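Working notes, structure below.
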Amino acid sequence: MASTESSLLRSLGLSPGPGSSEVELDCWFDEDFKFILLPVSYAVVFVLGLGLNAPTLWLFIFRLRPWDATATYMFHLALSDTLYVLSLPTLIYYYAAHNHWPFGTEICKFVRFLFYWNLYCSVLFLTCISVHRYLGICHPLRALRWGRPRLAGLLCLAVWLVVAGCLVPNLFFVTTSNKGTTVLCHDTTRPEEFDHYVHFSSAVMGLLFGVPCLVTLVCYGLMARRLYQPLPGSAQSSSRLRSLRTIAVVLTVFAVCFVPFHITRTIYYLARLLEADCRVLNIVNVVYKVTRPLASANSCLDPVLYLLTGDKYRRQLRQLCGGGKPQPRTAASSLALVSLPEDSSCRWAATPQDSSCSTPRADRL
């Protein structure tokens, strides 16, 4: 439509160049929905994400020390979510102003970088929680060795650095360009570099999403098989129910936030590379734009994990909100997600090598 003056190239934030196909140049469609959907959804994520994660950080820092390994992972997850939601006001303005970016190229690069940094750090922190939980349920002795808070802290630092290192090329791909009086902040890159960007993005997706997703599914599959096997003369313990809640929340975050975004983004890239016809490009572009807010919504869903799995976290949160009596702080955090089977017995020693656990036979678990 001439009134919208919105071609596929404009909707993608691109201008004609050596990498543009004739299909893209000739395909026109209305994308005004984006200028309502994205500002509104990002505003909701900003309000909810900041409102949920800022108090969470405060509780972790001032009320929930000392941390166990799981609390360490959750703190870094909340920190990642908070950093991301603080960048959303610029995107809210950008889409509300119909793709006009007045903040400069450097901030454009940083905001686009921060989106993927949060996305993949969240994926890896959730994977760390999943592996940690798996070890506690299925291999309690190994959990003694690998579940130390210091090791968890080093692993979190490695996650931040590895994800940042993998995404450094994104700082070079993403840029701004002018369209008349409008300044665009590209979500991908220039048309002439799009092929290279797809190769880079696909490698990052496989390494930072595909592998962690597979590891998480395997861990939770093995955990669920063990947890759902009945124990003679024993009801399901609270620790087992907490484990099942953890499985449900993490899988929900993956299913709602991460999987749809990566599937639609892959189809979107393929449609452009294969020069699909206008109707297909139209549909794919709309679906891809719709799933972007879902990827951001993990910043709002992650705090649900803290509520469902941390008894001490819930108590401290009630106190922060004005309800409940103060509880004495103890060294053992009930945020710990490593729990041994109900009918296991352990002898704790100064070192993991000297500790031992006796668990039921495999045919009874």
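Cβ atoms here come from the backbone N, Cα and C positions, even for glycine.
Neighbours of Cys185 (disulfide bond), defined as other CB atoms within 10 A of its CB across all chains, total 25. Among the features that Swiss-Prot reports, disulfide bond is placed at Cys108-Cys185.
As annotated by Swiss-Prot, phosphoserine applies to Ser333 (among others), with the evidence given as a curator's inference.
Under the heading phosphoserine, Swiss-Prot lists Ser334 (among others), citing a curator's inference as support.
Among the features that Swiss-Prot reports, topological domain 'Cytoplasmic' is placed at 62-72 (among others), with the record citing sequence analysis. Break the topological domain 'Cytoplasmic' (62-72) down by DSSP state and the numbers are 5 helix, 0 strand, 6 coil.
According to Swiss-Prot, the topological domain 'Cytoplasmic' annotation covers 132-154 (among others), on the basis of sequence analysis. Mean pLDDT for the topological domain 'Cytoplasmic' (132-154) in the predicted structure: 86.
Annotation source Swiss-Prot lists topological domain 'Cytoplasmic' at 223-246 (among others), citing sequence analysis.
Residues annotated as topological domain 'Cytoplasmic' in Swiss-Prot: 310-365 (among others).
Same-chain residues lying 6+ beyond the ends of the transmembrane segment (35-61) with a Cβ under 8 Å from its Cβ atoms: 67, 71, 74-75, 78-79, 81-82, 84-86, 88-89, 91-92, 95-96, 98-99, 289-290, 292-293, 296-297, 299-300, 302-303, 306, 313, 316-317, 320. The transmembrane segment feature in Swiss-Prot is assigned to 35-61 (among others); the stated evidence is sequence analysis.
Swiss-Prot lists 73-95 (among others) with the feature transmembrane segment, giving sequence analysis as the kind of evidence. Panel annotation: around the transmembrane segment (73-95), residues 34-35, 38-39, 42-43, 45-46, 49-50, 53-54, 56-57, 60-61, 67, 101, 103, 107, 110-111, 114-115, 117-118, 121-122, 125-126, 128-129, 132, 152, 156, 159-160, 185, 296, 298-299, 302-303, 305-306, 310, 335 of the same chain, lying at least six beyond its termini, place a Cβ under 8 Å from a Cβ of the stretch.
Taken from Swiss-Prot, the feature transmembrane segment covers 113-131 (among others).
Swiss-Prot lists 155-174 (among others) with the feature transmembrane segment, giving sequence analysis as the kind of evidence.
Residues annotated as transmembrane segment in Swiss-Prot, with sequence analysis given as evidence: 197-222 (among others).
What Swiss-Prot lists as transmembrane segment is 247-269 (among others), and the listing cites sequence analysis. Same-chain residues lying 6 or more positions outside the transmembrane segment (247-269) and placing a CB less than 8 Å from one of its CB atoms are 119, 122-123, 126, 129-130, 198, 201-202, 205, 209, 213, 216, 220, 223-224, 284-285, 287-288, 290-292, 294-298, 301-302, 304-305, 308-309.
Beyond the ends of the transmembrane segment (288-309), by six or more residues, the same chain brings 31, 33-34, 37-38, 41-42, 45, 48-49, 52-53, 56, 70, 74, 77-78, 81-82, 84-85, 88, 115, 118-119, 122, 126, 129, 242, 245-246, 249-250, 252-253, 256-258, 260-261, 264-265, 267-268, 317, 335, 337 to within a C-beta distance below 8 angstroms of the stretch. Under the heading transmembrane segment, Swiss-Prot lists 288-309 (among others), citing sequence analysis as support.
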Would you mind checking how many other C-beta atoms are within 10 angstroms of the C-beta on Cys108 (disulfide bond)? 21
Excluding the flanking five residues on each side, which residues at least 6 beyond the ends of the transmembrane segment (155-174) place their CB within less than 8 Å of a CB in that stretch? 72-73, 76, 108-110, 112-113, 116-117, 120-121, 124-125, 128, 185-189, 193, 196-197, 200, 204, 207-208
Is Cys108 (disulfide bond) helix, strand or coil when read with DSSP? helix
Counting each residue once, how many in the topological domain 'Cytoplasmic' (132-154) are helix, strand and coil under DSSP? 20 helix, 0 strand, 3 coil
